[in-house]
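J.: One structure is given below, represented as structure tokens, and several questions about it will come after.
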Amino acid sequence: MTATPKPLVLIILDGFGHSESHEGNAILAAKMPVMDRLYETMPNGLISGSGMDVGLPDGQMGNSEVGHMNLGAGRVVYQDFTRVTKAIRDGEFFENPTICAAVDKAVGAGKAVHIMGLLSDGGVHSHQGHLVAMAELAVKRGAEKIYLHAFLDGRDTPPRSAKKSLELMDATFARLGKGRTATIIGRYFAMDRDNRWDRVSTAYNLIVDSTAEFHADSGVAGLEAAYARDENDEFVKATRIGEPARVEDGDAVVFMNFRADRARELTRVFVEDDFKDFERARQPKVNYVMLTQYAASIPAPSAFAAGSLKNVLGEYLADNGKTQLRIAETEKYAHVTFFFSGGREEPFPGEERILIPSPKVATYDLQPEMSAPEVTDKIVDAIEHQRYDVIIVNYANGDMVGHSGIMEAAIKAVECLDVCVGRITAALEKVGGEALITADHGNVEQMTDDSTGQAHTAHTSEPVPFVYVGKRPLKVREGGVLADVAPTMLHLLGMEKPQEMTGHSILVAK
């Protein structure tokens, strides 16, 4: 008979980085008695969640997708951002068979090439350099009509920073002698991931039919008009630039976001014949390309196929007869399931999942606690009943409220997290369980931008905390990275790590 599991809980505080600076630091400004006590009494340190340590370009801030891939894989995962950038640099991008086939088909029929994606240098969902390369590819393949549908950022970049990006694309089209910006809209509409189809329909109708509340002669003019309406980049309303550039049958549409979670919904509207979440006025039959595979179930080709990861933590636990729970609210559910499992949609044997709906508010500063208390209720219940060997939870608050740029809300968010962590650690103490507390990347520790004085709404490259909660005589070694977390969990579970995991336990004997 097997012993009753005493769970090992991995608590991922999304967007919860470490900074010594008090300026705009919601964590240091908050009252967090539980975390303060854990830092004083439990083995803890800092680990890296950015740049080359997570498979991103040197100096690039981490993000939730990348962070969870590394956390679950137990090895540094070469990221799509890096793959695409390298392909452009090596020239392979311009021969990519999937993109070239779609463009050539459109060009051969005298049709247009539509390039859409997040236009910024944020590097989280996309990079403007990739959109420049796509425009160059279209011209090289003979396209005469090239239209850019620009989604504006202001979330992974400063709130009002899109002008330079729009000017870059204008300069690119001028240099190439072809192409223009056709529409601009904030990512709030085009890149929803919470089934808010009213937002997505606004973006779809703008791109497909040039249906827009506002018109402007240039992207920059449209942006300045939005600022005059007090709309930051993220929230810029549907704006048509110049003459209508509708999407017609036979056109090529290339979505240049490399990150999947905020590209799925708009993609589904374009390509799913049985799409029912809102009524499309038209569904043009286009040659659609996803830059990467946004979901296996989406009926469209991807330019960069997903690489498979063998023996990620979830798979290895399942193969060794261990049970696991994955739990998060809507905003981060994909991260604690799909991304943590190395890009796999289906649960592993013995893996259960709980999705708690995120609150239906326009922005999460209006409800900084989000659904964290409800998530915690489920975890405490699972711990008390000792249902699982391993529980993996994501708390979205630090990241989602951090993105609002509103300090007071961010303080409330992290104070709520402190209460939740306290409830989990108290429940674990009763049953003899253990926990690891960490984060996927920074955000909420920097709510103001020192250089501009604007709200800081983006992620950071700061290290993230790593705390062991338990009774073993252990200490945290120096130099840990996110890829070391899964091997650390296996170490605590008394399991050998698989050879595919190149990370090393962060915990060593005292």
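Cβ coordinates come from backbone N, Cα and C, glycine included.
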J.: Where Swiss-Prot shows Arg155, Asp156, Arg187, Arg193, Arg259, Ala260, Asp261, Arg262, Lys332 binding substrate, which of His114, His125, His127, His385 is named for the same site?
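T.: The candidate from His114, His125, His127, His385 that Swiss-Prot ties to substrate along with Arg155, Asp156, Arg187, Arg193, Arg259, Ala260, Asp261, Arg262, Lys332 is His125.
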J.: Write down the one residue from Asp14, Asp104, Asp389, Asp484 that Swiss-Prot lists together with Ser64, Asp440, His441 as binding Mn(2+) 2.
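T.: When Swiss-Prot describes the Mn(2+) 2 site, the candidate it includes is Asp14.
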J.: Measuring CB to CB from Arg262 (substrate binding site), give everything in the same chain under 8 Å that is also at least six residues away in sequence.
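T.: For Arg262 (substrate binding site), the qualifying residues are His125, Arg187, Met191, Asp192, Arg193.
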J.: Name the secondary structure element type, per DSSP in three states, that contains Ser64 (Mn(2+) 2 binding site).
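T.: Assignment for Ser64 (Mn(2+) 2 binding site) reads helix.
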J.: Compute the C-alpha separation of Asp440 (Mn(2+) 2 binding site) from Asp399 (Mn(2+) 1 binding site), stating it in Å without decimals.
T.: 10
J.: Hey, does DSSP put Asp399 (Mn(2+) 1 binding site) in a helix, a strand, or just coil?
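T.: SS state of Asp399 (Mn(2+) 1 binding site) = helix.
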J.: Any same-chain residues 6+ apart from Ser64 (Mn(2+) 2 binding site) with CB under 8 Å of its CB? Would you list them in sequence order, or say none?
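T.: Correct list: Asp14, Gly15, Lys332, His335, Phe339, Asp399, Asp440, His441.
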J.: If you take the centroid of the Cβ atoms of Asp14, Ser64, Asp440, His441, the listed Mn(2+) 2 site, which other residues of that chain have their Cβ within 8 Å of it?
T.: Ile12, Gly15, Gly49, Gly62, Asn63, Gly67, His68, Lys332, His335, Asn394, Asp399, Ala439, Asn443, His459
